[in-house]
Every structure is written in C-alpha cells, then in structure tokens.
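Features as listed in TrEMBL:
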- 25-44: transmembrane segment (TRANSMEM)
- 56-80: transmembrane segment (TRANSMEM)
- 123-141: transmembrane segment (TRANSMEM)
- 153-174: transmembrane segment (TRANSMEM)
- 186-205: transmembrane segment (TRANSMEM)
- 225-247: transmembrane segment (TRANSMEM)
- 267-291: transmembrane segment (TRANSMEM)
- 320-341: transmembrane segment (TRANSMEM)
- 347-364: transmembrane segment (TRANSMEM)
- 402-422: transmembrane segment (TRANSMEM)
- 447-467: transmembrane segment (TRANSMEM)
- 448-498: domain 'Cationic amino acid transporter C-terminal' (DOMAIN)
- 473-493: transmembrane segment (TRANSMEM)
Amino acid sequence: GTVGSGIFVLCGLIARNYAGPATCLSWLIAGIASILSGACYAELAGRIPASGSSYAYAYISMGELPAVIAAACLTLEYLVSSAAVARSWGDKVVEWLVSDIHLDADGSDSTSSFVLSILDPGYALNPMAFLVSAASTALLLSGVKESKSVTNFFTSVKVILVVFMGLGGLVLLKPANLKPFIPPELGIAGVFRGATSSFFGYIGYDEVCCLAGEAINPRVNLPRAIMIVITLITALYIFAALMLTGMEPYYEISETSGFPEAFRANGVNWAAQLCAAGEVFTMPIIVLIGVMAQPRLQFALAQDGLLPKFFSKVDAKGNLWNGTFFSGVLLIVISTCVPFTYLNDLLSAGILVAFCMTDSSVLLMRYSSPEDKPQLLEKLVAGYNALSFITALVISHSFGRGIIAILCALTVTACGLIPLWCHEARVFGGARASLFFKKQGVNDEDYFRVPWLPFTPCAGIFLNWLLVAQLEVLGLSLLVLYILITTAFYFLYAMKHSIGNNIGWDCVRYDKIPPDEQDEHVLLRQFSLPPLRPKESVSKDAISTRS
C-alpha cells in the first residue's frame with residue numbers, strides 16, 4: 001500500500017508542481033526523515049507492543065492530552081489518507097475509461113455519455129470512491145482473516161506492476177529530460193516542498209505498530225519489519241521518480257496519471273494501457289490496508305476512557321465491528337465528497353507531527369530528570385521541539401542568515417543539554433516505569449535501541465518540523481485548527497471519562513504479559529488488545545502488505 005500511494009498518486013504531482021527532475025531528492029529527504037523516526041518506532045514497537053502506535057507511546061511518555069493529539073494525527077494518517085487514495089482511485093477510473101476504454105465524453109454516444117454521467121456527476125461527488133470505500137469496509141467487517149487473503153493477492157500484483165514501471169522507464173529514459181536537474185523556477189525550496197507532500201507516500205510503516213498487539217514475537221519482528229519496509233520503499237520511490245522524470249519533460253508529466261501518460265508520450269500505448277489498468281486494479285488494496293488500523297486505534301482510546309465504550313466492543317468472532325463500521329462510514333463520506341487536493345497537505349502535516357511525538361517519546365523514555373528537578377527532561381524536550389519549529393519556519397521563509405545561524409545554534413545547544421543535564425534511565429521508562437510497568441529490567445541486549453542517542457531522535461524531530469514548515473499558510477492553519485478542535489474534545493469529553501482521572505492511574509498498567517511471552521522487559525498494556533480468534537495473528541507476511 002505504501003509503495004502504491006507514492007508511485008501511483010504522488011510521483012507525477014511532485015515532479016510537475018514542485019521539484020522537476022529533482023523529485024528523487026524529495027523522496028530521499030522524506031526517506032531520511034522516515035528512517036530517523038523509523039528507528040524510534042522500531043525501539044518503541046519492540047518495547048511496548050500494544051495497539052495504538054504513536055498514541056500508546058505518547059500516552060506513556062507524555063500523558064493523556066498529547067496522546068489524544070497523537071491519535072488525531074494518526075486518524076489523518078489511517079482514515080483520511082485512505083479516503084484520499086479512494087478519491088484518487090475514483091478519478092483514475094474515469095480517466096482510464098475515457099482514454100483506454102474509449103468511452104465518449106463528447107456526447108456522440110448516448111450510452112457512453114450516460115455511463116460517464118453516473119461515474120462523474122459533478123458537484124465534487126465521486127461515485128467510484130464511494131464504491132471502493134464501501135467494498136473495503138464490507139471486507140473488513142467480514143473478518144481479519146478474509147482481509148489478509150485479499151491483501152496478499154493484490155500486493156503481489158502491485159509489486160509486479162511497480163517493477164514493470166521502473167524497468168520500462170529505464171528503457172525509455174532520456175538524459176536530456178533530467179536537465180536542469182533542479183529547475184531554476186522551482187529551486188531547492190521546491191525540493192523540500194515536494195518532500196513534505198511526499199510524506200503521504202510513507203503512510204503505512206508505522207501502521208505496523210498499530211497492529212503490534214496481533215504480531216508474532218513483536219520484540220524481534222516489529223523493529224526488523226519497520227526498518228526493512230522504510231529502506232525498500234525509499235529506494236523504490238527514488239528509482240521510480242528518476243525513471244518517470246527521465247521518460248518525459250517534467251512540465252509535461254501528468255499530475256494524476258504519471259507513468260501511463262509518460263508511456264503514451266513515448267508511443268508505447270500498450271504499456272500505458274497496462275499501467276493504467278494496473279493502477280485501477282491494485283489501488284483498492286491501499287484503501288483497505290489504510291483503514292484497517294483505525295478501529296484498533298479507536299479501541300485503544302476507548303479502553304483508556306478517551307472515547308465512548310462503543311468503540312471497544314468486540315463481537316463473538318473477535319472483530320472490532322462497531323469501530324470498523326464507524327470508520328467505514330467516515331471513509332465513505334470523506335472519499336465521496338472531498339477532492340484529493342484538499343487533503344494531501346493536512347495529511348502530510350499530521351504524519352509529521354505524529355513522528356515528532358514518537359521521536360520525543362524515545363527521549364522521554366530513555367532519559368530521566370534529576371531528582372531535584374523532576375520536570376527538567378520534559379521542559380528540555382518541549383523546548384527543543386519549539387525551537388526546531390521556529391528555526392524551521394525561519395529557514396523556510398528566509399528571514400536572514402544571521403537569525404538562521406543563531407536559531408540553529410540554539411537548537412543544537414538544546415539537543416546537547418538533554419544528555420548534559422539529564423542522565424540515561426537505569427530502566428526503560430525511567431520514573432514512568434513505576435507507574436505504568438510492573439516488571440522492570442536492566443538487560444537491554446535483546447532489544448533494538450535507537451543509536452546515537454539523543455542525536456538520532458533530535459535530528460528526526462528537526463527534519464520533521466522543517467518539512468511541516470514548508471506548508472503554505474492554509475495548510476498550517478488547517479493543522480492548527482485541527483489540533484485545537486482535538487484539544488477542545490479532550491477537555492469537553494475525554495478528560496472527564498478517562499480511566500486515569502476517574503478510576504486511578506494504578507489501573508493504567510502495561511504489565512499483563514501473555515503466558516508465552518513472560519519476559520521482564522516486554523511492556524504490554526493490560527487493556528489495549530482485543531481478544532483474537534484462535535490461530536490468528538499478524539505475521540511477517542501481513543506486515544509486508546503495506547509495502
């Protein structure tokens with residue numbers, strides 16, 4: 001799913017509007033940011049194999065309000081991104097029917113005109129997006145096992161199609177199309193702006209963490225799966241972007257149908273038809289996988305009292321039927337009524353904010369404040385995030401080299417103060433371990449650990465905020481508004497019903513270990529996992545479906 005959303009939906013758009021032949025650099029920058037944050041996800045997924053991904057990590061390390069904000073960002077990533085892909089798929093279906101199936105759009109054929117009037121009725125409505133969203137919802141409601149069988153089939157077809165596109169582009173590559181590599185009218189700012197939009201294509205690898213509660217041996221498999229997925233999709237994105245911009249001048253590349261139109265421009269119509277049909281056939285899997293994690297996220301919040309109990313109910317077969325149905329209704333409404341162009345920037349910003357929170361969680365779990373200054377670590381991490389965002393805004397809007405140099409120096413200093421003023425925690429979680437974890441251990445040899453602490457998560461935080469700062473005023477305003485609405489929801493509902501505030505924090509523990517996973521270092525939330533059907537779990541094959 002991850003590869004599909006990047007290559008099928010974004011490559012042409014970024015090449016045409018933002019980066020030109022340097023689109024591969026946009027993917028490289030986004031890939032570096034993903035690898036830095038992916039290392040943090042890898043450690044936390046192995047240490048805390050509970051449903052919820054960034055939400056669970058923020059809940060332990062920061063508290064309820066940041067956790068609810070993280071959950072809101074993940075909702076953008078899982079649910080709204082699936083709606084965006086469904087919308088893009090609906091647009092591609094209509095374009096494919098007109099260009100390759102030759103349905104007449106000029107009214108000369110009454111039957112064709114009637115079909116097109118149904119598929120493209122106007123008024124910003126997309127019936128085909130409705131169809132694929134409804135089908136994905138129905139499939140998930142039928143059960144996880146059935147969904148896995150379908151995803152494995154579609155993923156195999158999709159990988160074959162991506163390889164075909166890349167090799168075809170290599171054969172048709174014209175070096176003249178890659179000059180100038182960074183078009184003067186787009187500049188390096190366009191490369192970074194393209195990197196921000198490209199984060200939509202990295203949706204998925206952290207979704208593995210949201211399914212962590214159903215993983216086999218998460219301590220080993222999750223970190224390995226996360227790093228492999230990020231590395232492979234980054235390499236594929238760079239390769240595909242370079243091939244696409246080499247096939248056709250960047251200013252002629254189609255925003256919505258990059259590879260098919262590029263093949264058509266080179267006179268290889270059969271390849272264009274194959275790619276267009278392949279995109280139409282395989283993109284629904286992206287919708288299916290994207291929305292699959294949303295009910296688990298809602299389950300985690302409901303179990304913590306931050307959402308109504310309606311979302312935590314599990315049917316006799318072990319399915320989160322209520323949460324899936326609710327997510328499916330939202331998916332259908334958004335995909336049918338909201339065009340893709342209104343969703344992309346907000347989605348990318350939400351992903352980046354969630355990544356920043358996960359990076360910060362690693363710092364908060366691996367370090368401890370001095371005993372005489374118990375909140376020092378939290379203040380340092382919050383200050384570093386604030387400085388990173390301010391510095392990123394100044395860099396993005398070129399306020400002057402002197403101001404940029406001063407702010408960069410302050411940001412680096414803030415990072416260096418974390419290990420200077422705070423000591424590394426004796427056990428994972430530090431002071432939080434006594435609140436959330438029953439068993440504590442000091443042997444970390446069996447776990448993946450983020451290297452070069454604190455510089456790896458700090459570099460990830462800064463790069464993520466730098467990409468957020470590339471957004472236009474509208475995109476930033478929508479992000480702020482979304483976070484404010486989420487904050488209002490927390491104070492009006494979630495805070496009043498949360499388990500921690502009403503029953504007590506002793507009930508909020510991550511210490512119930514399955515009998516076959518008795519290990520003093522595995523920290524598993526007591527109430528974040530729905531009961532699974534016998535012999536059913538998420539294996540490495542299921543993890544790979546997003547790539």
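Quick reminder: no glycine exception, Cβ is built from N, Cα and C everywhere.
Note that this is a predicted model, so its numbers are computed, not measured.
Taking Cβ pairs closer than 8 Å, the transmembrane segment (320-341) reaches residues 9, 79-80, 82-84, 86-88, 90-91, 124-127, 129-130, 132-134, 136-138, 140-141, 287, 291, 294-296, 298-299, 302, 310-314, 530 in its own chain, all 6 or more past its ends. Confidence annotation: the domain 'Cationic amino acid transporter C-terminal' (448-498) carries a mean pLDDT of 92 in the model.
When each of 153-174, 186-205, 225-247, 473-493 is scored by its Cβ pairs under 8 Å to the transmembrane segment (56-80), the top-ranked stretch turns out to be 473-493. Contact count against the transmembrane segment (347-364) (Cβ pairs under 8 Å) is highest for 186-205, out of 153-174, 186-205, 473-493.
Tallying C-beta pairs under 8 angstroms between the transmembrane segment (153-174) and each of 25-44, 186-205, 225-247, 447-467 places 225-247 first. Long-range contacts of the transmembrane segment (447-467) within the same chain, counting only residues at least 6 positions beyond its ends with a Cβ under 8 Å from a Cβ of the stretch, are 29-30, 32-33, 36-37, 39-40, 42-43, 46-47, 192, 195-196, 199, 219, 223, 348, 352-353, 355-356, 359-360, 362-363, 366-367, 384-385, 388-389, 391-392, 395-396, 411, 415, 418-419, 424, 521. With DSSP states grouped into helix (H, G, I), strand (E, B) and coil, the domain 'Cationic amino acid transporter C-terminal' (448-498) comes out at 39 helix, 0 strand, 12 coil.
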